[in-house]
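For reference, Swiss-Prot has these:
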- 1-46: region 'Disordered' (REGION)
- 38: phosphoserine (MOD_RES)
- 39: phosphothreonine (MOD_RES)
- 68: phosphoserine (MOD_RES)
- 94: phosphoserine (MOD_RES)
- 107: phosphoserine (MOD_RES)
- 147: phosphothreonine (MOD_RES)
- 157: phosphoserine (MOD_RES)
- 169: phosphoserine (MOD_RES)
- 173: phosphoserine (MOD_RES)
- 183: phosphoserine (MOD_RES)
């Protein structure tokens, strides 16, 4: 009895192994398809590692190498404006993969943002007070999901004037730098300038030269009133002048300004 049961179990196991062996084999020219990714897009279905004749071998870094060979598009400063009101306005679009909302700055009655966008077409939308809306006054496009977005086309030709002005500014700055860095004209030699002793130890004057022009020492014109003095220089104001002592009398003078008039006061003091 025990031997019969053992043989039956052994036979069932052997049959299962044979069935698995038959199921694991493939007919000539037949392969199972393996679906990878989303089933919404039939283009993502792929076969196992089967290579057709003439296929190229790609190394893992070849895609990065191809991307590095492509020239990078220059970013252009683009003004985005929202004029439909609101308290808080943000913007998001295909230029940042709709990942973040960029705030707009309020300027008078509008909201403005200056974004550095690469050349080409970009879709964008505004987030105003918690709702996604588009600007009806700007070009629009319907996305693949059926939503209406604004469309902007950044072209290089729109910035040719700014590029020309920038190039002209750079050239003018380089020219001015060359002019400043150039040496003054004239002969050059190897001899060092030697200071003379009187130049080295020259001391400043006791009295500044412009204070030597005292209006009381000047002669008065005959055609002028002798009580009127010529208009003094501004450096002569608020200084005290003294006349040489004669006949035991000292004379002091000072000139002051009151609005548009000048008053010279003389003080006589006996000694």
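Yeah, the Cβs are placed from backbone N, Cα and C, and that goes for glycine too.
Recorded features from Swiss-Prot, shown on the structure.
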residue	record	DSSP class
94	phosphoserine	helix
107	phosphoserine	strand
147	phosphothreonine	coil
157	phosphoserine	helix
169	phosphoserine	helix
Which of the listed modified residues (157, 169) has the least company, meaning the fewest other Cβ atoms within 10 Å of its Cβ? 157
Give me the non-local Cβ neighbours of residue 94 (phosphoserine): same chain, 6+ apart in sequence, Cβ-Cβ under 8 Å, ordered along the sequence. 122, 123, 124
I'd like the Cβ neighbour count for residue 107 (phosphoserine), meaning other Cβ atoms within 10 Å of its Cβ, all protein chains included. 9
If you measure residue 157 (phosphoserine) to residue 169 (phosphoserine) at Cα, how many Å is it? 19
Cα-Cα separation of residue 107 (phosphoserine) and residue 169 (phosphoserine), in Å? 29
Cα-Cα, residue 169 (phosphoserine) versus residue 147 (phosphothreonine), nearest Å, comes out at 44
